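Here is the structure we will look at.
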Amino acid sequence: MSQSPAAHVPVLYTQVLDGLQVTENGTYLDGTFGRGGHARGVLEHLGPGGRLLVMDKDPEAIAVAEHSFGGDARVSIHRGSFAGLGQVVAAATVDGILLDLGVSSPQLDVAGRGFSFGKDGPLDMRMDPDSGQSAAEWLAQASDREIADVLWTYGEERQSRRIARAIVARRAEQPLLRTAQLADLIASVMPRGDSKTHPATRSFQAIRIHINRELADLEAGLDAALGALKPGGRLAVISFHSLEDRIVKQFMARYAKAPPSNRRLPEAQPFVATLQLVSGAIKADDAELHVNPRARSAVLRVAEKLGLGNGESGMGKGNSAAASRFPTADSPFPASANGDAA
């Protein structure tokens with residue numbers, strides 16, 4: 001393995017566990033296992049009757065999961081995207097779900113995965129290298145308009161058209177097969193500026209999101225997670241850029257708050273909340289950033305599924321006990337969600 005599980009530093013570790021409020025006999029799902037940092041924390045709080053389901057579409061992550069937890073009867077391992085978690089668990093059976101979005105540190109750190117503009121490697125970018133087109137294959141056949149649309153939509157890259165034209169012109173001379181080729185090409189056509197950010201940052205992000213269908217998977221995964229949670233179950237989502245966080249924030253708000261039109265106009269069926277917001281946006285503190293600078297852009301949001309139609313939390317005594325056991329005095333999460341978090 002490129003990086004040992006022990007060396008992996010999960011972001012917002014304490015905040016995630018506080019947000020999930022793990023109970024000894026609960027059932028939990030980690031939809032983005034990665035190197036298992038958060039999963040280990042969940043397992044530490046599970047008793048013999050608890051259950052943890054882990055998912056990842058990266059075969060290297062699945063290999064780590066099997067090596068680390070293959071002998072633990074409480075753990076079930078599934079290779080695939082969290083967008084399909086509804087095929088892994090039945091409806092209303094899970095006490096907590098974690099989605100840690102985006103590319104993992106091991107994927108970025110290994111040049112051979114093709115995610116990093118700072119390390120030369122094959123231009124791949126697939127989280128599942130056995131599925132779909134690689135970045136090189138897509139860039140070899142996409143039109144300049146298609147490329148520009150992706151760079152703008154998923155990277156908010158202002159120079160998207162200029163970069164797209166440069167890619168199409170260069171591939172007519174030689175194929176773009178390496179990350180360094182693409183990064184250098186993008187840098188060569190970008191206006192000079194004082195930004196400390198590498199000029200290829202937004203383009204690499206955009207291409208990666210497109211290749212892996214990340215935002216479509218996120219929308220499907222959030223819907224599936226809501227269906228899989230029990231009343232009182234909690235959904236914790238870590239995002240790393242504004243596009244992801246916007247989707248998560250809007251999803252949680254859609255099921256937690258009546259839209260403005262419902263407050264002004266009579267409705268045949270009044271709005272009934274399905275989720276309760278447990279927290280606003282939670283970010284890493286200075287101490288964590290000192291140890292793990294990659295946590296700087298991480299944003300955690302947590303919501304709790306409500307009981308059917310009563311507008312109240314479905315948390316039972318087991319979850320209340322967990323609240324007194326696991327959260328610390330300075331935890332950003334209340335023991336139960338009886339009002340919208342600030």
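A Cβ is built for glycine as well, from the same backbone N, Cα and C atoms used for every other residue.
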| task | Could you check which of 23-54, 311-342 is flagged in Swiss-Prot as region 'Disordered'? | result | 311-342
| remark: CB contacts under 8 angstroms to F82 (S-adenosyl-L-methionine binding site), restricted to the same chain and 6+ apart in sequence, sorted by sequence, are G31, T32, M55, L99, D217, G221, A224, A225
| note | The largest Cα to Cα distance in Å among the residues G36, G37, H38, D56, F82, D100, Q107, listed in the record as binding S-adenosyl-L-methionine, is 18
